[in-house]
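Since the structure comes first, as C-alpha cells, the remarks are kept for the end.
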Protein chains: 2
Amino acid sequence: MSLEIVSQSRCFEGTQFVYRHLSVETGTPMRFAAYVPPQAAQEDLPVVWFLSGLTCTEENVTVKAGAQRVASELGLILVAPDTSPRGEGVPGDPEGSYDFGLGAGFYVDATEEPWARNYRMRSYLERELPALVAEELPADMARQGIMGHSMGGHGALTIALRNPDRFAAVSAFAPITSPLSCPWGEKALSRYLGPDRATWREYDACALIEDGARLPELLVDQGTADGFLESQLKPELLEEACRKADMPLTLRRQEGYDHSYFFISTFIEDHLRWHAARF
Amino acid sequence: MSLEIVSQSRCFEGTQFVYRHLSVETGTPMRFAAYVPPQAAQEDLPVVWFLSGLTCTEENVTVKAGAQRVASELGLILVAPDTSPRGEGVPGDPEGSYDFGLGAGFYVDATEEPWARNYRMRSYLERELPALVAEELPADMARQGIMGHSMGGHGALTIALRNPDRFAAVSAFAPITSPLSCPWGEKALSRYLGPDRATWREYDACALIEDGARLPELLVDQGTADGFLESQLKPELLEEACRKADMPLTLRRQEGYDHSYFFISTFIEDHLRWHAARF
C-alpha cells in the first residue's frame, strides 16, 4: 500500500503528518493525520486512535486539541482518521444535512444502497488502516488505545467493544452512547443499515454491552453545558448498561463545559495519561 | 461602549469569550477573543495581547495555539483581536490577494484612499480596544504584554516600540521584521500609506530602533524551515538593528520548524512564562 505525505510540520520535537492513501474498503482516497513523537527515532511506540465527530475531518483534533504536547512527552503516536469517505462519486446526503453522509460515516459498514459501496468505515478502521499504520509508521501495535468525541466517541466505544483484546485503554469525550436511542443515530443507522434495528446493535455501545461485550474499564468525560447532552448523548444509558454488566465506568460530568474543542483540549491530557498508564 | 458576547465556552476552568463591538476607529463591527482564567474571580489580572498574521481572524490563535492551558495556570487574560476591519462597505483588495486588505491590515492607520476611513488598526489597538478591555474585563492594565505571529509579530514589535512604557514584555513568532525591506511590506504600506517611504518608518521595527525607539528586551522565535524566512521575515535585519542599538534580543532559531501553528503551539508556553515572569 502506498502512502502519500500531504503535509508535515515539526511540532513539539516530533512531526505532525497528514497522509493520503487509496482505500480498498471505501474505494476512495482517504486522508489521516499522524503525530509521530521524537522517541520514535529509538523504538516503536504505542498508538492512540482519535475518532472525530460529525462534520469533522482528520484536521479538527490535529489543530485544536493540543494533544501533541502530551504525546511528545509520553511517547505516543496519535492517529486521527477522517470521518467518512469523500470525493467524486461518493453519495452524500441529498438534503445536505450535517448529520448524515459526508463527514458523518458513523463508523459503520453500510448495507443499504447507495451507501454500501463507499461507507465502510468499520472495516476501514478495524482492518485496513491499522494494517497500513503497522506497516508504515514506527508503531507497536501490541500497545493501542482508542478515544473519540461525540460520533467518534460512539465509534471508539463500539470498535473497542467488538475488539476487546486490541486496546489497552478506551475513553471518550461526550460520546453518543446509544444510536438506537437518539435522533442522530436513528437517522444515520436507518439509512446506512436499513429498518431492521436488530442489525444496529453491533453499532450501539449500550446494546453491545447488553449483548455480552465487555471491556476492563472505560473513561468518559461529559460536559454539563453540552447542548446535545439530553437529546443525543445520554450518558445515563451507558451508566445503566455498565452498572447492569458490572463493567467499570469512570463517567466524569464536567461542570459548565460544552461540546467544543475547548472542552476536549481541557481534558485530553488526562485521557492521554490514562491511556499511557495502561500500555 | 457596549460589548456583545458572540460565544463563550468553559476552558481550563476559565472562560473563552468571543466579543463583538462597534469600533469608532474602523467604523465597523469588530470581533475579538478573550480568555479569562479562573483567577479573575479573585483579582484583576495581567493582559497578554496576541496579534495574528495574514489571513487570520481572532479565531486562529484561540483554537490552535493551546495557550489557554498556560494562561489558566499563570492567571493571564489573553486578548486576540482581528487583523483588519471587515464587513459591508469595507474595501478589500480588488485583486483578491491574501496579503492586502481584508485579513491584512498590517496594524497601520491608512492615509490613502479608499483605505483611510476603515483601516485604522493602529489606533484601534493602541487606544480604542485597550480602553474597552480596561472597562469591561477584569484586567490590570498596569501589567500588559504583547506578542504576535508573522504580520502580527510586526504589529506587536511596532506597537511596543512606539509605546515602550505600556508593556512589561514583548515577544514574537516569526515576525516580519522590516516591512520596508520585504515584498509583503512594500505591497501593503505603499497602498495604505502612499509612496513616501519616510512615513513607513513608524511601522517598521528595524527603522523604529534605528530612529531611537528602545525596549528593555525582546524574545523572538523563528523556525528554520519557515518558507517565508528569507524572502519576507529576515530576522537578521532585527538582529543587526538590535546589535547596533545595544538592545537585548533573544532570537532563537528553532531547527526544522515552519510558519504554522504547529510551531507556535510548541513555543507559546515559553513565551507566556517569559511574559508572566516580567509582570
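Cβ coordinates come from backbone N, Cα and C, glycine included.
Straight from TrEMBL, the features:
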ACT_SITE  B:SER150  active site, charge relay system
ACT_SITE  B:ASP226  active site, charge relay system
ACT_SITE  B:HIS259  active site, charge relay system
TODO: Please report the number of other Cβ atoms within 10 Å of the Cβ of B:ASP226 (active site, charge relay system).
DONE: 21
Open item on the list: So if the criterion is CB under 8 Å to a CB of chain A, which of the active-site residues B:SER150, B:ASP226, B:HIS259 qualify?
Closed with: none
Open item on the list: Please identify which of B:SER150, B:HIS259 has the densest Cβ environment, defined as other Cβ atoms within 10 Å, among these active-site residues.
Closed with: B:SER150
Task: B:HIS259 (active site, charge relay system) to B:ASP226 (active site, charge relay system) - Cα separation in whole Å - done: 5
